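Got a structure for you, questions after.
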Amino acid sequence: MIIETLSTFPSMYDSVMGASMMRIAQEKGIISFKAHDLRDWTHDRHRTTDDDPYGGGDGLVMKCEPLFEAYDDLTCGAGADGEALPCPCTIFLAPHGRPFDDALACELAREERLLFVCGHYEGIDERAYALADRTVSLGDYVLTSGELASMVVIDAVVRKLPGVLGAPTGAQGESFADGLLEYPQYTRPATFRGRDVPAVLLSGDHGAVARWRREQSLERTARLRPDLLDAADLSDADRRFLLHLADGSGR
């Protein structure tokens, strides 16, 4: 997968993309990453990417000219081998976008090339949204820049790519992978300050461990994020367990 960002602060990506899974994914050749500097498509001595908003108001608005020029160059370019690159799925990060979730991460992981356009200041000239294939929001809050939001989306997407996580099924047991929150995790020591690891996890009974994990996942989701249950893929046994929880009998 080819991942690119178009940003006024490309150096913000250095630490995130140079560490942990992002670094490993690049070393394995699973992804290639490039942070483009939007200022490279400006033509004045100050390399201006923003201006005052029409109609007045606080803050500065990112200009559409450099965004369109950058888009034209990046979508018509060729790779290092001279071959044409696949057309990118162009993603704008904005509060009015589709809320980002695990399902959207899976959708984006199926793309060959992603181009993130990162807003800053008061926002982006509305005309530039004509370039967007998708507009994505992380949630109902405001961040300093789209760079921060894009890092979250990139991380969530790259985790979905085959070969990135150590175990072949590494992403399948995580929260939201099956529509539920993940079960509690434990490691050594078995007892710490009077708090014990659940005995079933030490039993060696793989079937019992699997049942415990599933029920813990269901219980945690029902308690903390009951809204997720409506869309979750639930078996008859899952539904019976949830009914036990609801009537207080539990297990």
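All residue numbers here begin at 1 and follow the chain in the order shown.
Positions of Cβ are set from backbone N, Cα and C atoms, glycine also.
Okay, these came from TrEMBL:
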DOMAIN    1-230  domain 'tRNA methyltransferase TRMD/TRM10-type'
BINDING   Gly119, Leu138, Gly139, Asp140, Tyr141, Val142, Leu143  S-adenosyl-L-methionine binding site
On the 0 to 100 pLDDT scale, where does the domain 'tRNA methyltransferase TRMD/TRM10-type' (1-230) sit on average?
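Residues in the domain 'tRNA methyltransferase TRMD/TRM10-type' (1-230) carry a mean pLDDT of 94 in this prediction.
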Using the structure shown, find which entry in Gly119, Gly139 (the binding-site residues) has the sparsest Cβ neighbourhood within 10 Å.
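Ranked by other Cβ atoms within 10 Å, the binding-site residues Gly119, Gly139 bottom out at Gly139.
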For the binding-site residues listed here (Asp140, Leu143), which one has the lowest count of neighbouring CB atoms within 10 Å of its own CB?
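It is Asp140 that, of the binding-site residues Asp140, Leu143, has the fewest other Cβ atoms within 10 Å.
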Would you say which of the binding-site residues Leu138, Val142 has the most Cβ atoms within 10 Å of its own Cβ?
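Of Leu138, Val142, the one with the most crowded Cβ is Leu138.
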Where the record says Gly119, Leu138, Gly139, Asp140, Tyr141, Val142, Leu143 bind S-adenosyl-L-methionine, what is the longest distance in Å from one Cα to another among those residues?
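Output for S-adenosyl-L-methionine binders Gly119, Leu138, Gly139, Asp140, Tyr141, Val142, Leu143: max Cα distance 16 Å.
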Among all protein chains shown, how many Cβ atoms are found within 10 Å of the Cβ of Tyr141 (S-adenosyl-L-methionine binding site), not counting that one?
7
